[in-house]
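> Below is one structure. I have some questions about it.
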Amino acid sequence: MDRVLSRADKERLLELLKLPRQLWGDFGRMQQAYKQQSLLLHPDKGGSHALMQELNSLWGTFKTEVYNLRMNLGGTGFQGSPPRTAERGTEESGHSPLHDDYWSFSYGSKYFTREWNDFFRKWDPSYQSPPKTAESSEQPDLFCYEEPLLSPNPSSPTDTPAHTAGRRRNPCVAEPDDSISPDPPRTPVSRKRPRPAGATGGGGGGVHANGGSVFGHPTGGTSTPAHPPPYHSQGGSESMGGSDSSGFAEGSFRSDPRCESENESYSQSCSQSSFNATPPKKAREDPAPSDFPSSLTGYLSHAIYSNKTFPAFLVYSTKEKCKQLYDTIGKFRPEFKCLVHYEEGGMLFFLTMTKHRVSAVKNYCSKLCRSFLMCKAVTKPMECYQVVTAAPFQLITENKPGLHQFEFTDEPEEQKAVDWIMVADFALENNLDDPLLIMGYYLDFAKEVPSCIKCSKEETRLQIHWKNHRKHAENADLFLNCKAQKTICQQAAASLASRRLKLVECTRSQLLKERLQQSLLRLKELGSSDALLYLAGVAWYQCLLEDFPQTLFKMLKLLTENVPKRRNILFRGPVNSGKTGLAAALISLLGGKSLNINCPADKLAFELGVAQDQFVVCFEDVKGQIALNKQLQPGMGVANLDNLRTTWNGSVKVNLEKKHSNKRSQLFPPCVCTMNEYLLPQTVWARFHMVLDFTCKPHLAQSLEKCEFLQRERIIQSGDTLALLLIWNFTSDVFDPDIQGLVKEVRDQFASECSYSLFCDILCNVQEGDDPLKDICDIAEYTVY
């Protein structure tokens, strides 16, 4: 190997292969390293073209030189010194070379016997070699020839070329290796065939120990016959050459009659060279089924690419394998299992207490089953069991006597849940649109009713609590332990849907009637002291404007009829003249929102979106650019109103939008506008149908200051005060027939608490700037609302 390459080339090749020097000559590792470095140095893989070219050149030279070296060892390598016996002579070694320098290492030779006897004596000194028989002593040295004999008709030595004559392999002479040959390797055409039953002796490969062929050929050459004799030979004695010394019985290559009967048609149709091939297998008479029986389709899961787990499975295979799986399925700890036969196959149905994937069960069964195997999960175990235990299926065995329906059903437990509808009705009845407020009420309802302090007092400001506590106590207990409290309250607070539906289905007169009815019901529940307090507010309003009851009636008519350009109302006057209090009372009575129109123009869109589904809106404290009173601050409110004339005019629908919601097209509701002494442009002035000029009245301000409860309880800003003013000054015929009875009842109630003369005394106290209830009711009796 040191002469294969020069020292420099050898070191360069090892460097390119990245191998240490001690691995030089290890062809296997060098070839593996060459393949790895080829992947790294190939130009298409990002390597160096020059290094790849150098590696290919050195490797090609190395392979060529190694090939030539091995070829040159054929006649000179071991002539003078046979392996492991170079020091001993020919007679001492127990074997002698033949004419082609071959030293016999084959089974049964003298050298083979001596070597193994020496080996056994090392371990057992008393070992004695078996006695030699006469036959074995005279038997020539045998050699097992392992290369194929490819001659189709070797009976005639003249038909076999000289280079294809049989030869013996010399283990002392290196043979050419195709793996390192520069030429492409030849495709092997040899096939292994069984050794004939009549062959005897150690060779059995078709060559005599003396170099002769079993077919009578001389074996002086080094080549083998091109083709072996046909397996089904008819002329056994002729082909065998009639030699008894070869160790083969005459006719040993004759075919078996059973093989002839099975392959008769095949042997007649095939060529002479095809007898070396394995005969084709016969087709199965009963092919494996492709799916479960159709009667089980409705009870099985047909999901293929799913990781879902199941507790019940059905395995379909052969009867023998199903019986084996029935005994070994204990890995999954089945609670129930049964073995069923169906036609030529079997089925294993089992249930487990834990869930498993179908792939896990199938993979386990496939380790024990080489025949067809199908496994699916059972979605309806009880129904599937009833089918597989009836005809045409046959139940073989089961680990317990059957399945029953009660094993799959539990007794229904009454699991009460929170009534979402009840919570939504509670919010709708009490006009609650704040989710947190609804949650607070319901958590408060979870307390015990008998020990509730709020219910025992029955205060007016707590009437929502003590009126609904007992009704919602049971549902509140479930709500207390519910995980979806916020979701329930958010849905209940979404009263916008019912309000929008009401706006579509009801007229504005009906909506006004409903609002008045709600106010009258609240007034009906007031006590005597609270009734006098609200009558004081009525007296204060009657002193605010001249003929105030008629003015209020006209305002309600304008806002209810909602005629374009005949619906908007303007309250204008100096500071502290009662504009804001009256506007707030109207919003409370009719239901609406107050808007800030003085904001920048880019924020007006969301501010106006608050007006969705409202009966009326109030533009509070609008500021203008030109003030009649120089002490007033200018603002952009009037300019914004001028730019939004089409919006609040009420002629066409406009798009109103809120945050996190889409725009909605609707008519903008009528508005009540309050402002100080600002100059209005003609375009804005034309949109107001009623203009009320307020003036400062010191006696009204003094009356409010002296009656603390009118301000603290916001009696002036309450819509119930305006509703009481209407029923106090108008007959019941003015109201809707549906609420005339309630109007009369509430009026009689207040008339019993306060006579007309007493009301006149209250009115006089207001006009004089005193406490409205002076000398009429003790202030300590007032109930805080």
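Residue numbers in this text run from 1 along the chain shown.
In case you wondered, yes, glycine gets a Cβ from its N, Cα and C as well.
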> Please identify the range among 215-222, 279-286, 767-774 that Swiss-Prot labels motif 'Nuclear localization signal'.
279-286
> Would you please say which range out of 142-146, 492-496, 537-541 has the annotation motif 'LXCXE motif' in Swiss-Prot?
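Matching range for motif 'LXCXE motif': 142-146.
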> Give me the Cα-Cα distance between C452 (Zn(2+) binding site) and V575 (ATP binding site), rounded to a whole Å.
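Their Cα atoms are separated by 46 Å.
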> Using only C-alpha positions, which one of C455, H465, H469 is spatially nearest V575 (ATP binding site)? These are the binding-site residues in the record.
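Closest by Cα distance to V575 (ATP binding site) among the binding-site residues C455, H465, H469: H465.
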> Taking the centroid of the Cβ atoms of C452, C455, H465, H469 (Zn(2+) site), which other same-chain residues have Cβ within 8 Å of it?
D444, F445, K447, V449, K454, S456, L462, W466, R470
> According to DSSP, which kind of secondary structure is H465 (Zn(2+) binding site) found in, if we only use helix, strand and coil?
helix
> Around the ATP site formed by G573, P574, V575, N576, S577, G578, K579, T580, list the extra residues of the same chain whose Cβ is within 8 Å of the site's Cβ centroid.
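Nearby residues not in the site list: N676, F694, C696.
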> Among the binding-site residues listed here, N576, S577, T580, whose Cβ has the fewest other Cβ atoms inside 10 Å?
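Least crowded of the binding-site residues N576, S577, T580, by Cβ count within 10 Å, is N576.
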> Please tell me which one of the binding-site residues listed here (P574, S577, K579) sits closest to C455 (Zn(2+) binding site), measuring Cα to Cα?
K579
